[in-house]
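The structure appears right after this line, and notes come after that.
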């Protein structure tokens, strides 16, 4: 396993260089659906972080017992269990939020991000590495989600975390909190991230 | 008549008004990934429609027969161990997510084997997409929507039957096909366009998706319009209390 | 080292089965622990609105301060209209001494975008609307969803229930008039329509004396 990245590398990679949303284009469904405000976005990010961490740790613990053709079954079983737990907890302690998020919490099960991390990292590396990978990826996911939510909430409602930020003369761009706003915001931000990447690589070539 | 109207409105809502891709954002991965060529997009759409219908059939059956409190199968089995009163209250909805995802995964497997064996032509057109579909959010989303209309309702008469559930799933798949085929048509044209480098690929697809979503927003309200035309809401005249009711009111005051 | 064991089918199945058992037990534990909390959440969502909806905000607060609470009893009213059966969940609110404080009915109907679910409060003889609360809606943010705002809902307060309410553009003037949310006439009409239909459907059922209602429920069973 000499060529596998270390725990710290995994953690750092997840945040920006291999950001799940902007770089790998994984988990776009929840990214678009719950990013119309900071509160749902952060709740979603925390739920994904919980599921990702638990799934990665469990997968890593049993990685030596796994048979290749059964691994997807085991991953799915693990993920579905932890998603159910997260969903029950939200319904019990954050009832309004769980109503707002609706079906998007159970849809974490089919979020490619988690099964991809189980496959790429957790089924090959130690528990500690898998956990730090999960934290890094979850942080990256949360960062992406909150960047989109920031843009959409501020332009769409003039508020941030439910607190008025722009003057009340601001004509709320309602379209930003509606579905089209999600697509367009993510498209523009993705273009921006790509552009920064291109500029950086050009500069390093010139140097 | 009412039932037919209901079915029609569910179909209209699922396919156009609340389009799975452009309103609920499910199935974005294939929408961005497999929308380069119209034929591929259409094949993917057909595969999703096919699997979503089968998954809805299975999940409706499991939900009503096993998962909900008082479901025939679970209470029958529990009847051997528990008193009748408790057996009728067995609530297995906590297992629903696990059950659905495995129902989807296994139905995808079966569909793939079946289609490959008996319809080789069909398999050639969309068989390659079948394994990808397991992790397509649209399928699980349809199952969850059906479940929310069975479990979450206040009174049993409102719970969705198999007809409504299948309509939602099938037309959800049709809506997915419509969205992805339109998208692929636009992307074929984009090949010859001069797109700024950072926006090539996923970014421009998402922005076009946004414009499509904007266009599909125009369908909002069509369903309530149709409902009002066919079944007019009570007007002021027929709301005024009937004399008999007024009498009862007077009596109870007394 | 243990490759010979690992290659048998039984071992592979064991791992999956073991995991399934462990996860199943965990879920059962979670459900036993959290199930009642979730159920309570669902009921409380409606229940905690009832005093305000029947008595009005000021009096409901006063009652809570005094440590009094309403006795709330849910029941299901069945309506048969043109051969179609409809159900309404109605909560009867009583004072401690048994006199009736009012009713709250849960109703739903089609809005502009999706189903609108609301709670409608009526006074003790079901002649006046005492409150309106929107439980669930998916109307257009910024336009249609303004129907959830208090100052719009307050237009329904103290409207008499003997005549249907009418939606007018701009400010409402006379009684039985509800001013539409600007830019969202359909949403406003939907809510008003649900209120009108609910009153028309259940009003005469509500004010029957409570004793006969109980008998009726028994007969139905």
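Note that the numbers count up from 1, one per residue, in the order the chain is shown.
Glycine is treated like the rest: Cβ placed from N, Cα and C.
Annotation source TrEMBL lists transmembrane segment at A:41-62 (among others).
The annotation transmembrane segment is assigned in TrEMBL to A:74-95 (among others). Panel annotation: around the transmembrane segment (A:74-95), residues 43, 47, 50-51, 54-55, 58-59, 62, 66, 101, 105-106, 108-109, 114-115, 118-119 of the same chain, lying at least six beyond its termini, place a Cβ under 8 Å from a Cβ of the stretch.
Under the heading transmembrane segment, TrEMBL lists A:101-122 (among others). Remote same-chain residues near the transmembrane segment (A:101-122) are listed as 10, 20, 24, 26-27, 29-30, 33-34, 40, 43-44, 47-48, 51-52, 55-57, 59-60, 63, 71-72, 75-76, 78-80, 83-84, 86-87, 90, 129-130, 133-134, 137, 141 (criterion: CB distance under 8 Å, separation of at least six residues from the stretch ends).
What TrEMBL records for A:134-161 (among others) is transmembrane segment. Under 8 Å from some Cβ of the transmembrane segment (A:134-161) lie the Cβ atoms of residues 10-16, 18-22, 27, 30-31, 34-42, 44-46, 48-49, 52-53, 55-57, 113, 117, 122, 167-168, 170, 172-177, 181-182, 185-186, 189, all in the same chain and six or more residues away from its ends.
If you look up TrEMBL, you'll see A:173-196 (among others) marked as transmembrane segment.
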